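Features of the protein shown, as given by TrEMBL:
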- ASP27, GLU214: Mg(2+) binding site (BINDING)
- ASP27: active site (ACT_SITE)
- 28-32, ARG40, HIS44, 72-74, TRP76, ARG78, ARG195, 201-203: substrate binding site (BINDING)
- ASN75: active site, proton acceptor (ACT_SITE)
Amino acid sequence: MIPSLSPNISHNLDFNSLPHHVAVIMDGNGRWATQQGLPRITGHRQGAKTLKNLLRCCYDLGIGELTAYAFSTENWRRPSEEINFLMLLFEQLLKQELEQLHRESIRISFIGDLSILPSSLQQIMALSREKTQKNQALHFRLAINYGSRQEIVHACRQIVQQVHQGNLTLETLDEAVFQQYLSTSEGSDPDLLIRTSGEMRLSNYLLWQMAYTEIYFTDVFWPDFSPSHFYEALWHYQQRNRRFGRLVGTHLPENRSLF
Ligand code: IPE
Ligand code: IPE
Ligand code: MG
């Protein structure tokens, strides 16, 4: 079911050319709470509800992949009370939502270095991934303890190891092979990135994968990001001209030189 929208946006959205893969940087939870005189963790709790609504919205629209940034490798620099709360929240959410998501055939997976997360969280993550791995409706990826630079260095280490072991040669290493060593190897690159809260940076998110992603920034804090804000982002996405280096309106055959 399509949520109610401002008539302007819903009228003009082309449901046949939606992005296949949407990535989100869910930012502004703390400021949302502070603005109302509430503790920061209230913002995280509210932010979790926003994520559930967005997931539903993507599901209803038939969007293929949603990748949400929940905790960065840099977020360990925060006070331990906030970190502990977030880890508990992730665990609770997965426990609460797993059955329903599975029933709807949503596939859940994770990117980031999971090895240092609390073991009870790791357990429910492993269960969620295994239980839903064959689901076809929507691939929902959660980035927890994720950092793009770390991911790229990790890929390089694995590649060097493969070369040492004689399983890979330097001559065969190209972009397509490289991307197989990234944690997103099974999916496609994001078509659209949405970052809330007015910050205009990538904060170490999917740097390789977002080489040609359309980026949409909004001032809205994540807990306030509603389905109609999402539709607005989709509308803006549809106004973009994705050229991938080509010229507008030209369809040169691959082998024809411009010069
Ligand atoms: C995003 O909201 C959630 C996480 C990074 C875990 P923030 O917690 O960064 O909220 P602000 O940016 O401080 O308002
Ligand atoms: C990015 O938000 C990470 C997540 C949303 C999980 P931050 O709030 O940590 O980013 P910076 O520090 O403002 O760049
Ligand atoms: Mg922030």
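Cβ atoms are placed via backbone N, Cα and C, with glycine included.
Those TrEMBL annotations? Automatic predictions, nothing curated.
All features noted in TrEMBL, drawn onto the structure.
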{"residue": "ASP27", "record": "Mg(2+) binding site", "contacts (Cβ under 8 Å, 6+ apart)": "ARG195, THR196, SER197, GLU199, SER203, PHE221, TRP222"}
{"residue": "GLY28", "record": "substrate binding site", "contacts (Cβ under 8 Å, 6+ apart)": "GLY43, THR196, SER197, GLY198, GLU199, VAL220, PHE221, TRP222, PRO223"}
{"residue": "TRP32", "record": "substrate binding site", "contacts (Cβ under 8 Å, 6+ apart)": "GLY43, GLN46, GLY47, PHE221, TRP222, PRO223, ASP224"}
{"residue": "HIS44", "record": "substrate binding site", "contacts (Cβ under 8 Å, 6+ apart)": "ASN29, GLY30, GLU82, PHE85, LEU86, LEU89"}
{"residue": "THR73", "record": "substrate binding site", "contacts (Cβ under 8 Å, 6+ apart)": "GLY112, ASP113, ASN145, TYR146, GLY147, GLN150, ASN204"}
{"residue": "ASN75", "record": "active site, proton acceptor", "contacts (Cβ under 8 Å, 6+ apart)": "ILE83, LEU86"}
{"residue": "TRP76", "record": "substrate binding site", "contacts (Cβ under 8 Å, 6+ apart)": "ILE83, ASN145"}
{"residue": "LEU202", "record": "substrate binding site", "contacts (Cβ under 8 Å, 6+ apart)": "ILE25, SER148, MET210"}
{"residue": "GLU214", "record": "Mg(2+) binding site", "contacts (Cβ under 8 Å, 6+ apart)": "PRO19, ASP191, LEU192, LEU193, TYR237, ARG240, ARG242"}
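Among the recorded positions ASP27, HIS44, ASN75, TRP76, ARG195, the residues whose Cβ lies under 6 Å from any atom of ligand 3 are, in sequence order, ASP27.
Under DSSP, GLU214 (Mg(2+) binding site) is assigned to a strand (E or B) in the three-state scheme. There are 23 other CB atoms within 10 A of the CB of ARG195 (substrate binding site), with all protein chains counted. Checking the binding-site residues ASP27, GLY28, GLY30, THR73, ARG195, GLU214 against ligand 1, the ones whose Cβ sits under 6 Å from it are ASP27, GLY28, GLY30. The binding-site residues near ligand 2, defined by a Cβ under 6 Å from one of its atoms, do not include any of GLY28, TRP32, HIS44, ARG195. According to DSSP, GLY30 (substrate binding site) is assigned to a helical segment.
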